[in-house]
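Participant: Per TrEMBL, the features are:
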- 135, 136, 137, 138, 139, 140, 141: ATP binding site (BINDING)
- 51-105: domain 'Mur ligase N-terminal catalytic' (DOMAIN)
- 133-345: domain 'Mur ligase central' (DOMAIN)
- 380-515: domain 'Mur ligase C-terminal' (DOMAIN)
- 253: N6-carboxylysine (MOD_RES)
Ligand SMILES: CC(=O)N[C@H]1[C@@H](OP(=O)(O)OP(=O)(O)OC[C@H]2O[C@@H](n3ccc(=O)[nH]c3=O)[C@H](O)[C@@H]2O)O[C@H](CO)[C@@H](O)[C@@H]1O[C@H](C)C(=O)N[C@@H](C)C(=O)N[C@H](CCC(=O)O)C(=O)O
Ligand SMILES: Nc1ncnc2c1ncn2[C@@H]1O[C@H](COP(=O)(O)OP(=O)(O)OP(=O)(O)O)[C@@H](O)[C@H]1O
């Protein structure tokens, strides 16, 4: 039996069953025996391979399997008890009889978070202060900006910060001095999140930024968590393979902006979804306009000005008259939106009298104006690999993100009347196939030379995926009478080599879709390729200069 970790109070099957009963989950405990009630629980897991001695195993009924199908493995790994549904109880009793206490509830996914919160000690007032970000695009970038600002504020007070998202899970005094593990999901399962909160507390983490995917909200992964501040970026077409319609997609994201879950909601109101989200959010709601369209917003971005490849801007507060000048080094107007959202989320957290932070509002203003918290590299997000030719790697993999990224990259080219834009693009397999023709059309309309290649095919036929993009591209060239050079080159390494071969010093190369990813999943086989390293290597081979560290994986 694994000892109880420091700071965890004793939880037994009996006390957990009582808690679930008191919070409306109507649990049934079997067998009804003294040993069952007194059985101690020291952790929780949903993936059978991650069960540790003393854990509560949460056995869910899923699309691929039922967790209870793995009960033998779970027992051998020392699970102390199981939380599951009626189907799971039947499977367990048929497999091993009454050897292990089983708590039966109807809604296992809903109960997993509150159960894990009790086991790991998560409460509305416990550290870390949580900053969650949701939206179709901008979650990763905004959470890196949040973490950079929070560590600028907290490191001087000997406090650490944390990050949970698509790229990595990290905790430490600063982004540079953190323990980091690669992520296999944007938002982990509830039991993993509460375990993380406990680990963050033991690492002196006072505040953490986390991406909240719409899947996470739909799959109840954030149940039992309380957000100090939650931010909304935007809502455009993506993930329709899960949510079906934009209405359901909206409803999924709206689940984060509820008083019961979030103290302050900061809603970017640059699109219709933002206005609706602000109207429907409950609790303390703050609006942010970064496009100059919503004069009634609490906070607005004004006076933007090019600063290198990035942008300087002023944050103004309509109520207080505050004007805060700051900037981001990342290209693109959308990165002004991301930086403004991160800034307002932390400013609002510092102004919440019922939930004092380790920093004041004045500390935040001072950091924004003098410490450049948004001059950080976000792996694979508008990451500049070289400046001559301009060579950028970005994660854009849906129509809206592509348009934004291509606009961002074209802007300096148009201002300096310089060169042609060479774009390498693909699309992921087993994800929303309806967006592929749209992406192909956007590519040929906004770039001068387009190379259709592979992204992450997963189990789909890569040629089929490329055909979807090519179909949209050919249609757009025909109907628009475009002169765009269009090629289909695979594998991706050859496509990158072709892009570099076609580039002159005045040109711009953009690799879109994979960003930080260092391998492709081709029918279950991991094919190693990192766009940043490949691009840097090809540029060096042609004698071009690359930025130091830019090709690092
Ligand atoms: C659509 C989706 O999110 N599905 C998630 C869901 O699957 P599910 O409910 O069908 O459950 P299941 O996969 O049948 O598993 C049931 C039980 O059997 C176990 N099992 C299952 C199969 C197996 O081979 N071995 C095994 O042990 C599971 O651990 C679980 O205990 O619960 C599973 C268990 O936690 C997740 O692994 C699975 O994520 C899949 C792999 C996935 O690809 N999710 C993606 C879509 C996702 O969540 N993406 C978002 C980001 C989206 C974005 O913004 O791009 C994210 O937050 O990562
Ligand atoms: N605020 C924004 N609005 C629109 N597009 C954006 C915004 N921020 C970033 N993008 C574009 O979307 C891409 C993804 O950005 P980022 O990874 O920060 O978002 P994300 O929400 O985490 O994406 P995903 O959910 O796919 O992980 C970027 O590479 C850029 O092309």
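From the backbone N, Cα and C atoms, a Cβ is placed for every residue, glycine too.
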Participant: Among the recorded positions 139, 140, 253, which have a Cβ atom lying under 6 Å from any atom of ligand 2?
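Facilitator: Only 139, 140 meet the Cβ criterion.
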Participant: Select the most exposed residue of 136, 137, 140, 141, where exposure means the fewest other Cβ atoms within 10 Å, treating these as the binding-site residues.
Facilitator: 136
Participant: Under DSSP, is residue 140 (ATP binding site) helix, strand or coil?
Facilitator: helix
Participant: Provide the number of Cβ atoms within 10 Å of the Cβ of the residue listed as 'N6-carboxylysine', excluding the reference atom itself.
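Facilitator: Taking all protein chains shown, the residue listed as 'N6-carboxylysine' has 24 Cβ neighbours within 10 Å.
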Participant: Compute the C-alpha separation of residue 138 (ATP binding site) from residue 253 (N6-carboxylysine), stating it in Å without decimals.
Facilitator: 14
Participant: For residue 253 (N6-carboxylysine), which of the three DSSP-derived states applies: helix, strand, or coil?
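Facilitator: Looking at the DSSP assignment, residue 253 (N6-carboxylysine) belongs to a helix.
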Participant: Quick one: which residues besides 135, 136, 137, 138, 139, 140, 141 have a Cβ within 8 Å of the ATP site's Cβ centroid, in sequence order?
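Facilitator: Those within range, site residues removed, are 133, 142, 211, 233, 234, 338.
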Participant: Express the distance between the Cα positions of residue 137 (ATP binding site) and residue 253 (N6-carboxylysine) as a whole number of Å.
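Facilitator: Residue 253 (N6-carboxylysine) has its Cα 12 Å from the Cα of residue 137 (ATP binding site).
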Participant: Of 136, 139, 140, 141, which is closest to the residue listed as 'N6-carboxylysine' if I measure between C-alpha atoms? They're all binding-site residues.
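Facilitator: That would be 136, nearest by Cα distance.
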Participant: Look up residue 135 (ATP binding site) in the DSSP assignment and reduce it to helix, strand or coil.
Facilitator: coil
